[in-house]
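**Student:** Dumping the structure here so I can ask a few things about it.
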Amino acid sequence: MNYAKISQVAHYAPSQVVTNDDLAKIMDTSDEWISSRTGIKRRHLSRTESTSDLATKVANQLLKKAKISADALDFIIVATITPDSMMPSTAARVQANIGAHHAFAFDLTAACSGFIFALSMAEKLISSGRYQKGLVIGSETLSKVLDWSDRSTAVLFGDGAGGVLLENSEQQRFLAEHQYTDGSRGDSLTCGRIGLSSPYSEKEAAAPYLTMEGRKIFDFAIRDVAESIKNTIESSGVQVEDIDYLLLHQANIRILDKMAKKIGVAREKLPANMMEYGNTSAASIPILLSECVEKGLIHLDGSQTVLLSGFGGGLTWGALIVTI
Ligand code: ACO
């Protein structure tokens, strides 16, 4: 049998840090409002680096840690809602930047669930037995799709990238997963609409900026996402108390507080880093995973059980449980 395992993790964020107090100088907001509502204190915002630049930094770190050359890679998937361009894909740019001559590469768009969906797809590629090694990266420069005159969204997001090297394994490491989409609720979180504009079409307005009905998304996270996490744990056969950590998309600290209660786990099992990065969409889970490894919470030696869960635009949501 062919199985997949996460063998390396890495993350990168632009060096420019913007605090809540910095934002209060350019819009009608305050550290008090942002911190108490969301837990966010700072975010990293790109001055010059594109989404593919951030992803390339992560890809190079992963190769260095694994001591392998880019030629050894079979595929590269970049989960993003802020690609440099629709074509070439961000993943194709990364493939060129690192010289991964044998890898096919593509982007996957599922907003804040992007990394979970991409990791699930990558696991199937490796389990097929046809591919041995691939990179799965979440990378975002959300700062370029924010409406900086809208304080209700501009304060929430940040730029960054994180990723994993996925390799073949002799043991089963991916224990369970559940993934969902409800397009009928898609209007509550939107970004990057491209309107028709040919001489033969009715003209449609483009809507490049991110819009969000915050309260609806909050309720969706507490209800649907918590339910899906419980379902995933149940179907895995793993007892909830045997899960070492639950790494959830980093949108809001209050969501994590409520989620811990609903799932019935100690709050300490849900690490948080939105205070440092804000919401980085597809990048948030791999950045958190990489930081947990750096801090020695997660050992990458196959001895721990971790649940990963993303939720966001689409609407999309999903969870998977891995031995890591
Ligand atoms: N500073 C000061 N006041 C503000 C700000 C701000 N930055 N933004 C909004 N306000 C005001 C509003 O105008 C409103 O004022 P009013 O009562 O006078 O009208 C008041 O604060 C309350 O606004 P709400 O939107 O009701 O605030 P809420 O408590 O719901 O918090 C928040 C908003 C933080 C967005 C919350 O709803 C949330 O976290 N939602 C979930 C977000 C999420 O999970 N996203 C994940 C997916 S993201 C993705 O997929 C890309």
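Backbone N, Cα and C define each Cβ position, glycine as well.
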**Student:** Quick one: which of 215-219, 250-254, 275-279 does TrEMBL have down as region 'ACP-binding'?
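**Tutor:** Region 'ACP-binding', as annotated by TrEMBL, spans 250-254.
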**Student:** Which site among Cys112, His249, Asn279 has the most other CB atoms no more than 10 Å from its CB, taking these as active-site residues?
**Tutor:** Cys112
**Student:** Please average pLDDT over the region 'ACP-binding' (250-254) for the predicted structure.
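**Tutor:** Summarising the region 'ACP-binding' (250-254) by its mean pLDDT gives 97.
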**Student:** Mind checking how the domain 'Beta-ketoacyl-[acyl-carrier-protein] synthase III C-terminal' (234-323) divides into helix, strand and coil residues in DSSP?
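**Tutor:** For that range the per-state counts are 38 helix, 21 strand, 31 coil.
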**Student:** Return only the integer: C-alpha distance in Å from Asn279 (active site) to His249 (active site).
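**Tutor:** About 8 Å separates the two Cα atoms.
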**Student:** Helix, strand, coil residue numbers for the domain 'Beta-ketoacyl-[acyl-carrier-protein] synthase III N-terminal' (106-183) per DSSP?
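**Tutor:** Reading the DSSP string over the domain 'Beta-ketoacyl-[acyl-carrier-protein] synthase III N-terminal' (106-183) gives 25 helix, 32 strand, 21 coil.
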